[in-house]
Amino acid sequence: MATEKYYVPESSPWPLAASVGLFMTAVGGAHFIQQSTAPDKFEGSWGMPLFFFGLATLWLVIAIWWRDTIKESVGGLHSKQLGISYRQGMLWFIFSEVMFFGAFFGALFYTRWLIVPWLGGAGSNAMTHELLWPNFQAMWPLIKTPDGTTTQAMGAWGLPAINTAILLTSSVTLTIAHHALLEGKRGRLIGFQAATVLLGAIFLGLQAWEYHHAYVEMGLTLHAGIYGSLFFLLTGFHGAHVTIGTIFLFVTLLRVIKGHFDAENNFAWEAGAWYWHFVDVVWLFLFVVVYWL
Amino acid sequence: MSTAAAAHDDHHHHAPTGLKRWLFSTNHKDIGTLYLWFSFIMFLVGGLLAMVIRTELLEPGMQFVDPEFFNQMTTVHGLAMVFGAVMPGFVGFANWMIPLMIGAPDMALPRMNNWSFWILPFAFLILLSSVFMSAFGAGHPSAPNFGWTFYAPLSTEYGPASTDLFILSVHMMGISSIMGAINVIVTVFNLRAPGMTLMKMPLFVWTWLITAFLLIAVMPVLAGAVTMMLTDRHFGTSFFSAAGGGDPVLFQHVFWFFGHPEVYIMILPAFGIVSSIIPTFARKQLFGYASMVYATASIALLSFVVWAHHMFTVGMPLAGTLFFMYMTMLISVPTGVKVFNWVATMWRGSMTFELPMKWAIAFVILFTCGGLSGLMLAITPVDFQYHDTYFVVAHFHYVLVTGAVFSMFAAAYYWLPKWSGVMPNKLLGELHFWSSLLSVNLLFFPMHFVGLAGMPRRYADYALQFADYNFWISIGGFWFGLSQLFFLAVCLLCAMKKGEKAAARPWDGAEGLEWEVPSPAPFHTFETPPVVK
């Protein structure tokens, strides 16, 4: 490696184009949200088309960008060192994702251990309780908020437990696929990776069903106070990550079928696998602290 | 892209030209230059907003702007300076210097590097457009007006419509910072020249490595905070609303969990810069290299457990308050190690006082002032008195302006010869330094006094007894602002290559790989790695 010439990629229009896409997504997104949640205050409906146009641009540009990168990789241009850079970059990206979830888990613990007891008069907050909401009772899950909104708690041992089993199984199938990749057994690789993608899709379907159940039958919504807020943002962002992970694994599956990747050259494949395991671990935490305890 | 075909020949030997060179760049030097110009422009924009603030505060009473607009000025001034001037400025230095210092051909992921940069102008276009629309009465009636810390419920229930644009622009800045930080870490871990062991790296590289770690750790938390804001504003969640079982103070916790590491993100690279410059002009090795590395790492780790010292007055339990107070005071130990090491480096050195050294010494003295006022603020009962007064404003401007910004001036004068191939104009540089040094103290030092006397921050008006000090503070402000035009002239002259030609090693005590390459540094450097003994 010491004497190997470094690989520096050619200049490329895609970073700038992706920035323009992101810009349109952001401006459109802000107005889309405003115009759809408060149509009386925000006139017009141009936010939505701009948002989706921006998003489509962003994804298209990224797809082309990565197609270029894949071509360079398959063309043998990438040095071993670049592969290491990619791997390290992916690990740090996953670390940033961990911290993103950390913000919401932190909010959950702070709410559960401090805010709710304090609102109920714990510690030195007897007067807060007495003066603000004397009828409020501290509990978790918070099924009755200080202003009297009621909801129901999502139990752990129905759908969520099944979903836990599904995600754990998907991690196993993915690991079998990984071994198959390293041993060059294509048939087994394709089979088990397809199974993983399928399990991911089933998980998402069940999650959607659970949301429907929560909204329609349980009165558990984003408006249902802090329990609903935390429940939906934590599980929702997790679900969004499962979606991305499923797409990621689906794309690498297509690439496997095209004949990309081998035991040595498999960064994108492993990055997808790492991402999947990360999403899996987040779910285990979610299952324990959001659903179960 | 015909990359696959083109890249097999001896590519990269011709530098791209014209607009494409800048828009499509994968070159760390060009991207560094873009970052630095962007940062300087944002520094001037943020400075103009500060001029509006100081104009209104020149005299007691309301003269020029209405209070609502004043609030927008304080808010966007802070945001532009923190996210637009200081952070991208340091990323610019990182881009230019880290590959040169560790003998790498470029950043590890050059296209992502360009993406990190190009997100920024768009993010600030979103943020600043709301200011222009507000100023000229079009579209949104108000730019963000809740202070740069955007506390809930000011930013949730009471935030203007432009808050949503602000939220999305913060998301974009976060994406940019995270990608930039990943690039720095991977470059440092993976692209060091053979023989460049971790403990041989220049301190600027070390401090940036640790800064990048902080960025990756806390920018996502900021993203979480603004996401909760967005859902509270539009989707009915109750994160920051006690009626639904949430708490506005939760916002402050999440924000400052990001915010405190953030202030070290803005100062650690400054430590690295000063640690490079002082040994050069004292003509001595840096005193206590290893202790500098450990001190930087300690500061970074401690920064995760001190956040609530920004919120002593919200009514935390006593145990929490004490914990955060002691942890905060603990930070003065590694910071003290650094200051003493800089002083010890200068002790009995063959000192000369070229421009970078002047700025670096000013940094050491004035940053220490800011650090000491920080220590005062760390003492909880005393903070009850100082909280949200001009004393706090004085404190963080000493660490950020005479700290972070002065270090960037030092770095610019130090490395401009390497970047441009010409020496920065000495006369203009001296004028810039002395004029800035005097004015900055006239600007910020009296803020300590009015703060201690109880003048609250972020108000468009003040009680009559503060009038004299505020007059001089404003004069200092205009003077400091105008002084930066000298620097603009210095930069433009260098960009136009007007000036005395610079040698490869223009400072005779300078050590490090960046001085082994010619000045100006060629478009590509270290395409095959140098060997470090």
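Every residue, even glycine, has its Cβ placed from backbone N, Cα and C.
TrEMBL: automatically predicted annotations, no manual curation.
The domain 'Heme-copper oxidase subunit III family profile' annotation in TrEMBL covers A:2-293.
Long-range Cβ contacts of the transmembrane segment (A:12-34) within its own chain (Cβ-Cβ under 8 Å, at least 6 residues beyond either end) map to 41-42, 44, 46-62, 64-65, 68. Sequence annotations record features per position, and here TrEMBL assigns transmembrane segment to A:12-34 (among others).
Per TrEMBL, the feature transmembrane segment maps to A:46-66 (among others).
TrEMBL lists A:90-110 (among others) with the feature transmembrane segment. Residues 230, 233-234, 237-238, 241, 267, 271, 274-275, 278, 282, 285, 289-290 of the same chain lie 6 or more positions beyond the ends of the transmembrane segment (A:90-110) yet place their CB under 8 Å from a CB of it.
Remote same-chain partners of the transmembrane segment (A:157-177), defined as residues 6 or more beyond its termini with a Cβ less than 8 Å from a stretch Cβ, comprise 188-189, 191-193, 195-196, 199-200, 202-203, 206-207, 209-210, 213, 242, 249, 273, 276-277, 279-280, 283-284, 287, 291. For A:157-177 (among others), the entry in TrEMBL reads transmembrane segment.
Under the heading transmembrane segment, TrEMBL lists A:189-209 (among others).
The annotation transmembrane segment is assigned in TrEMBL to A:229-254 (among others).
Same-chain residues lying 6+ beyond the ends of the transmembrane segment (A:274-292) with a Cβ under 8 Å from its Cβ atoms: 90-91, 94, 97-98, 101, 105, 108-109, 154-156, 160-161, 163-164, 167-168, 170-171, 174, 196, 200, 230-231, 234-235, 238, 241-242, 244-245, 248-249. Positions annotated as transmembrane segment by TrEMBL: A:274-292 (among others).
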Local confidence of the domain 'Heme-copper oxidase subunit III family profile' (A:2-293) - pLDDT mean: 94
Contacting positions for the transmembrane segment (A:46-66) when only residues 6+ beyond its ends and CB under 8 Å are counted: 12, 14-15, 17-18, 20-36
